[in-house]
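Below: one structure, written as structure tokens.
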Amino acid sequence: MKNVGFIGWRGMVGSVLMDRMSQENDFENLNPVFFTTSQAGQKAPVFGGKDAGDLKSAFDIEELKKLDIIVTCQGGDYTNEVYPKLKATGWDGYWVDAASALRMKDDAIIVLDPVNQHVISEGLKKGIKTFVGGNCTVSLMLMAIGGLFEKDLVEWISVATYQAASGAGAKNMRELLSQMGLLEQAVSSELKDPASSILDIERKVTAKMRADNFPTDNFGAALGGSLIPWIDKLLPETGQTKEEWKGYAETNKILGLSDNPIPVDGLCVRIGALRCHSQAFTIKLKKDLPLEEIEQIIASHNEWVKVIPNDKEITLRELTPAKVTGTLSVPVGRLRKLAMGPEYLAAFTVGDQLLWGAAEPVRRILKQLVA
């Protein structure tokens, strides 16, 4: 049974990973060792009924060297500090990472097994030892419309994202909720009075959002009652943000198409959802296909994608973050041909940023490695 070290298991993604591994009884097939950046020597948690002893220091290279597999959700700074030191010792175990630091390295594979199991299997045969979870929007896009890529039907795709606060971290989620609460408090008495002017209410809310003391330390701007059309840093040579660049770079790496890439681009926008990312796609298909056939191709790709009929009532019920949060379901709806021509397709999808967007691909590659 393989010795598997877990780092960053207390954080948001790590906690979701622990929950999913417990639900699927994954701890039965491995010996867990838990690491910490600040509390070495304290009692380790118990998952799957296994006593893992005491917490070990996440910076102790000698302890890390003893492991067959390391799973880290600690973030890119930790990876950048520890990974090269560990590899320099000759350690030859598997490194599984939820952070972005190693994604584009030649000796790393971005994992999303319902989409790129062929790439993963080939990498394992070649002796690849580094496996990294992908960008959340990219993974959720490929889970949603992977069938179109699998059938080589996509000429190009333009994406507009509607990304949840969770993608920016736990502090950002708290800030969003604080903003929402303050906006309601600013007009709570007026909301109770049906005779109050909605324009007066709007003016008060807007003034509150613009106030110097409105909490924006994490997002840098109001998100509650607003949106932020910018995620990550600017890439000056293209005008893209790094999040937008990932759509192209990671999609093609996941699919094994880096030598013959499919153009993927668009705009990434932060909205006031808590943990589900939504995306609107404009897709140029390589050929005109009947909509019914397109729906069948999408729906049959994996067991989690679900085609939602282009009907208002069903869409409002099934195709929202409120519905999808906390589930592995990846619904795709608003499917229709666009006025630009019969080979142009519109689609809209929603997916949980912490599940298929982060923890689940990591859980599933770990399951393969311990098998």
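Using the three backbone atoms N, Cα and C, a Cβ is placed for every residue, glycine included.
Per Swiss-Prot, the substrate site holds GLN163, ARG270; the candidate it also names there, chosen from GLU190, GLU237, GLU243, GLU303, is GLU243. Of the listed candidates (GLN353, GLN368), Swiss-Prot assigns GLN353 to the same NADP(+) site as ARG10, GLY11, MET12, VAL13, THR37, SER38, GLN74, SER166. When the recorded positions ARG10, GLN74, CYS136, GLN163, HIS277 are ranked by how far their Cα is from the Cα of LYS246 (phosphate binding site), CYS136 comes first. Residues THR137, THR161, GLY167, ALA168, ILE228, TRP230, ILE231, ASP232, CYS268, VAL269, HIS277 surround the recorded substrate site, their Cβ atoms falling within 8 Å of the Cβ centroid of GLN163, GLU243, ARG270, which are themselves excluded. The most crowded of the recorded positions listed here (ARG103, HIS277) is HIS277, judged by how many other CB atoms sit within 10 Å of its own CB. Around GLN163 (substrate binding site), the same-chain residues six or more apart in sequence whose CB sits under 8 Å from its CB are CYS136, THR137, ILE231, GLU243, CYS268, VAL269, ARG270, ILE271, ALA273, HIS277, SER278, GLN353, listed in sequence order. Checking each of the binding-site residues ARG10, MET12, THR37, GLN74 against ARG103 (phosphate binding site) by C-alpha distance, the shortest gap belongs to GLN74.
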